[in-house]
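S.K.: Right, I'll just put the structure down here and ask away after.
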Amino acid sequence: MRTELVSQKFEFSFNESHFDKIRELVFSHTGISLGDEKRQLAYSRYSKRLRALGIDDFDDYIDIVRSGNESEIPLFVSAITTNFTSFFRENHHFDFLVNEVRRLLLTQNSIRIWSAGCSSGEEPYSIAMALLSGVPGVESADVKILATDLDSEILDRAFRGVYPKEKIEGVDQNMVKSWIKHGSNDNKGYVMVHPKVRGMVSFKQLNLLESWPIKNSFDIIFCRNVVIYFCKEVQKTLFSKFANNQKKGSQLMIGHSENLAGVCDSYRLIGRTIYEKI
Ligand SMILES: C[S@@+](CC[C@H](N)C(=O)[O-])C[C@H]1O[C@@H](n2cnc3c(N)ncnc32)[C@H](O)[C@@H]1O
């Protein structure tokens with residue numbers, strides 16, 4: 001039986017039909033499938049948008065999003081996407097990356113890496129730092145990192161490359177010494193990535209579920225902790241598109257709780273959450 005979610009503790013009325021409409025919109029804009037257990041999360045994330053807009057009815061909010069309102073859509077998306085990330089998250093991928101790029105540079109001068117779903121930038125900057133520290137000659141080679149995310153707010157943060165200093169706790173000290181600058185005066189308590197690191201990364205807003213204006217073939221793709229909320233069908237489409245943008249022998253890194261089994265047979269597993277295009 002469908003439950004009515006109007007209760008004293010809810011500031012706004014939020015019934016089953018509101019939740020269904022919200023999750024349809026979330027799915028169409030992000031590919032994220034919100035299960036029934038995400039009802040409270042949806043309510044709390046979107047209540048903030050109602051408050052910010054000074055409205056008190058979910059129907060009005062749904063109308064705004066359905067109308068394709070240009071200023072609200074990015075905020076609608078940001079409100080639900082989970083942006084958690086960190087420098088050198090799942091560190092084994094960076095060890096693999098360094099060895100692979102060293103190997104590739106023996107036979108090619110141009111290397112393209114894609115951080116798809118880069119959030120606030122820690123992932124692509126970690127890629128750049130790992131390469132600058134671990135691959136001799138990388139600065140003179142044509143090595144570029146494309147970093148994309150759906151969420152334009154988080155991309156602004158990524159582009160700035162400025163983080164609270166707590167974000168670098170646990171990062172290798174040699175890496176910090178070489179590639180992280182500590183802020184002073186007004187910027188005390190913040191750190192900034194070195195211009196050489198920033199210089200290797202280009203940020204672009206991109207919804208992975210829409211068409212990609214991308215012509216490159218990527219030697220290595222990082223798409224980690226992005227597809228966990230996508231349904232199987234969406235994952236299948238996405239990974240087959242990645243496969244179309246990679247040559248045989250290129251690699252794809254996915255998140256620790258993700259798996260290509262039953263999703264895409266264009267890759268074979270060659271390491272912990274590391275796949276190779278076949
Ligand atoms: C949890 S973060 C992962 C960040 C990083 N890859 C990592 O592993 O640390 C997931 C990111 O995927 C992005 N994302 C979600 N749906 C997306 C879509 N349809 N297209 C592009 N990015 C998307 C979110 O905005 C978020 O920044």
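Note that Cβ sites are derived from N, Cα and C of the backbone, with glycine treated the same way.
According to TrEMBL, the S-adenosyl-L-methionine binding site annotation covers Asn83, Thr85, Arg89, Glu123, Asp149, Asn207, Leu208, Arg224, Asn225. Feature annotation from TrEMBL assigns domain 'CheR-type methyltransferase' to 7-278.
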S.K.: Of the residues named as S-adenosyl-L-methionine binders, Asn83, Thr85, Arg89, Glu123, Asp149, Asn207, Leu208, Arg224, Asn225, how far apart in Å are the Cα atoms of the most distant pair?
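M.R.: Site span for S-adenosyl-L-methionine, by Cα atoms: 23 Å.
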S.K.: Quiz question: given the binding-site residues Asn83, Asn225, which has the greatest number of C-beta atoms lying within 10 angstroms of its own C-beta?
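M.R.: Counting every other Cβ within 10 Å of each candidate, the maximum falls on Asn225.
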S.K.: What mean pLDDT score does the domain 'CheR-type methyltransferase' (7-278) have in the model?
M.R.: 94
S.K.: For Leu208 (S-adenosyl-L-methionine binding site), write down the residues of its own chain that are at least 6 apart in sequence and whose Cβ falls under 8 Å from its Cβ; none is a fine answer.
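M.R.: Gly31, Ala116, Gly117, Thr148, Leu150, Cys223, Val226, Leu238 - these are the non-local Cβ neighbours of Leu208 (S-adenosyl-L-methionine binding site), listed in sequence order.
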S.K.: Which residue among the binding-site residues Arg89, Asp149 has the fewest other Cβ atoms within 10 Å of its Cβ, if you could check?
M.R.: Arg89
